[in-house]
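Single-structure report; data block below.
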Amino acid sequence: MTFAIAMLIVADSDETVRAELDAQEKCFLLQVMEGIGDLLPEIDIGFFVGVHCCMFLTPSAVCGPPGTLRRICSKVHYLHTKAFKMMEWDVEEAAELREVSIALQQAAVSMVESLELLVQEALWYVDEECDILKDFLLADARTFIARPRLQHVLRDMWHPDYEREDIWDKVLNQMWLFVSTFCGLMVVMIPTLLYPDLERLWYRSVLQKDLDIRHIEDLKGQDVKVAGTVERPAATSDAKKQAGSEVDAGRACPHSVANFWEAVVKSLEIHLAVDFDRQVFSGECKLVVEKLQSGVRKVLLDVLDLTIHSITDAHGNLVQWEVQTPEGSRAKFGKALVVSLPQEDTSCQLCVRYETTEKSTAIQWLTREQTAGKRYPLCFTQSCAICGRSFLPCQDTPSVKATFSIHVTVPVPLVAVASGEPLGEPKEAQGLRTFAYAQKVPVMSYLIAVVVANFESRVIGRKSRCYAEPAVVEAAQQEFTDIVDVFLDTAQEVVGGADYEWGSYNVAILPSSFAYGGMENPNCTFMSASLLPGDRSLTPTLAHEIVHSWIGNLVTNAYWKDFWLNEGFTRYIERRILGKIHGAAYRGLLLMVGYNDLVKTVDMLNKQGSSGLTRLEPDIGDIDPDDAFSRIPYEKGSLFLFYLEQLVGGEESMTKYLRSYIETFRGRSIQTSEMKAHFLEFFKEVQKIEEVDWEYWLHGEGLPSFDLTAHVDRTLLEQSRSVADSWLAETPQGLEMMSMRAQQVMLVLDHLINALADGKRLSHQKLAAMDGQSYFSKTRNVEIAFRWCLLGCRSEWPGCLEATEHFLGSHGRGVYVKPLYVALKAFDGARAKAVFRRNRKFYMSLISKQDVDAKKVSLFTGQVSKQATQKMSAKQKKHLEDERRMSQRKALTRLWLDFGRAILLPRQKKYLAIVTNLAFLVALVYMEPTDFYISCWECQDFFGVAPFSRAILQAIALRYPFGHPQYWAKALAQVESFKFRFWISDSSCESSSS
Ligand SMILES: [Zn+2]
């Protein structure tokens, strides 16, 4: 079939070739064309679309002899009809696709243009990066199925020395390579780029129809073929309803498939055993589901990379279930586990037996070498924002709150600590211990957390212990003892005495690879070992996590767009606490440090073309929240509350308001609009609040025009500024920066970093002198070290490289790692890549995937604002443009690679080669070699089937000899050993040639 199409395209696309074909061959091709319809059952819809595109993009189809286009159109129409029949689609969908295909026809010309653009882009990249590849492939693509290449191929094919049979072999070989790539390119790229709807159909038809991932097993793991086996849903409006598309308008969360307004999970009972060898948790999760509407037959749970073994009801009977790919952008975030509910009961229990997989993004596995003690492995979960679904089946949206208990079985002597109160002493048997915890306050799935490690614990306060590895536990105890009580008490004062609902407040110290500073898991804040500098200078993070006991954990953002309700409020209250303890000047200092962070973040997001993400309530429905989050919700949010504080009469009024806010919304998940309504109601007597431009603050982009400096105590601030200014002006001697507060030093460094952005420069001698006086390279304070490295990299000072590499190898928190890599890459790209490769395994997947995804967000969130562009220099503009191109490339590549991976399945062998070729080509064109290289290894299957892979590997190996030689050798050997086999079935060959 493909061969036939290949021939068709080749023959049709080049006049010289056509002229050279003899009558017999022409006749053959005609037959092939007529035969396409008969071969249709062999084609699935995706391929059919590809054929369709090929035809229209075939030059002679667009500008060939009279009648060509018409003839092909009628053929396509015929193909449509058959395809619809074959797919058993309903009329509505058939019409939908027909519309799409008509649009495709109309857009034939613009498709050619798109392709031209793509090719130009490819060449732009190739020109810069890799001449070998250019020669190899892309020069050919310039004029679509390019003539020089084609002629070369054809000259080979029709060489008079070949015997007829050899010719066919040769033809098959060459043409397959050639055409499959372009078919693949068009199958996926053009329809998806031009018609987002088609992507949906495509996913549905290919992924849903042909990937038979549903089966039901009995408790012994045997397949059960009973009457209850789930039927594949017909593509009817009923199926649409299941996937949530019709009820979306109401309360659905864009990042979750949960139908929580119909059936909501009220509690979970989780029993898991940890297996460090296989790196999985396995066991069961019992969910109590309550129906909120009559007639509800199904509950939808979020799952991702989980292996579901079985689902039973309270009586142990098997329940019908299936895993569906959600519609629209939700497909990016996971799958829907659709479970049937009994008709009569309003509340029922489901027991899901399952295990996690090594792909589960919520779970981080550390080898013993990666721990402080280096004796035992360690693992922990981090489910915020939407990774909970890869740890357990749940309604993974902050709109749903449930109580839970978790029982974790671990090998002795390891300890499991989870986000609840302990349920008695651990039970020990056969070298295993089971720890149990219960959370009686209903919480969101992202707060269900566990860490398994060789932990000891120490008392640090009235109701607090810290858990940490033996090597760290003393340091942690010293850092937090008593201060935890001071913070808890002061926090309660600032929120107007609202009750602390959780019982105990503990801290677990995670290795410094933890991607966050802290995570507010209830009863057990997880905190990075990076935050133990020994001088308590970083305890503000502890204050922050404590505040989450009220804000976030009790009053919660309903959707991730409202994240500032969690983090902005928390940051605001955290600074109020620290101001109460250390004085107004200190609060002023913290506010300014935060403001500087905000300035930097806005700048960074603008440069990335993601200015939409600088909004307080951004539109992030189709972006992974983790990609959207930055310091904006924290700093812009708290700045907004500080601004409101000025209007309503100061701290005391805000304290009364906070109490009312917490009491009103305690235990609920709310949206920004509800906060606004409550605020306006609470302060309705205060005239000044009419000044508030809510639209500007909530939905405006960039920095708000609010002069913070006019409202804060500036004593400590001025001190920092004058130190910074003196460093900019001269090389001062004996300026005692180390005697300043850590936050002041941070501010000095911030001033200097900002000065660089304004075009000022610090000489390398000056930086060396600064380090000589203040020993920044050796500081244990992670905030100072981070700024120091950033300053060094931005000044392109070689003296900072060692400290920077050390920093990147010992800290994994996103807010440090991401900007530092950007700066290091700009300074020394090769080194940045090398450092990243070396530390990749150290980072949590959240960070390590950033390499590929780094600028993904910009693709989806619009352009850089015009204003910002005008102010930029030509160099900056070029840089920005390059970054934008690169980010688009990466995002597209990701899409395609994911896609390729998704259809790498046995039943899809036919399309395998197409898609792998596609993936390779695209990866080649769009990815940076490092990313490409990594992705290849993530989906090694590609090597086995992609004819281009060897050449590509060689090309890259030659151009980028950074990879470990053994790696390349292995890769090449693997590719060599592969015997390329045509998958053209015998039958289709016969029918073609008969
Ligand atoms: Zn927080």
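Keep in mind that glycine also has a Cβ here, set from the backbone N, Cα and C atoms.
Note: TrEMBL annotation is automatic and uncurated.
Here is what TrEMBL says about this protein:
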ACT_SITE  GLU545  active site, proton acceptor
ACT_SITE  TYR634  active site, proton donor
BINDING   HIS544, HIS548, GLU567  Zn(2+) binding site
DOMAIN    715-852  domain 'Peptidase M1 leukotriene A4 hydrolase/aminopeptidase C-terminal'
TRANSMEM  175-195  transmembrane segment
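Overlay of TrEMBL annotations on the structure.
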residue : record                    : DSSP (3 states)
HIS544  : Zn(2+) binding site       : helix
GLU567  : Zn(2+) binding site       : helix
TYR634  : active site, proton donor : helix
List the Cα distance (Å, whole number) between the residue listed as 'active site, proton acceptor' and TYR634 (active site, proton donor).
13
What is the interatomic distance between the Cα atoms of HIS544 (Zn(2+) binding site) and TYR634 (active site, proton donor), given in whole Å?
11
Just how many other Cβ atoms lie inside 10 Å of the Cβ on GLU567 (Zn(2+) binding site)?
25
For the domain 'Peptidase M1 leukotriene A4 hydrolase/aminopeptidase C-terminal' (715-852), what are the DSSP-based totals of helix, strand and coil residues?
106 helix, 0 strand, 32 coil
Can you grab the distance from TYR634 (active site, proton donor) over to GLU567 (Zn(2+) binding site)? Cα atoms, rounded to a whole Å.
5
Tell me which recorded positions (GLU545, GLU567, TYR634) have a Cβ under 6 A from ligand 1; sequence order is fine.
GLU567
Residues flanking the Zn(2+) site, with Cβ no more than 8 Å from the Cβ centroid of HIS544, HIS548, GLU567 and excluding those residues themselves:
GLY518, GLU520, GLU545, VAL547, ILE551, GLY552, ASN566, THR570, ARG571, GLU574, TYR634
If you skip the near sequence neighbours and keep only those at least six away, which residues in the chain come within under 8 angstroms of HIS548 (Zn(2+) binding site), Cβ to Cβ?
GLU520, THR525, ASN566, THR570
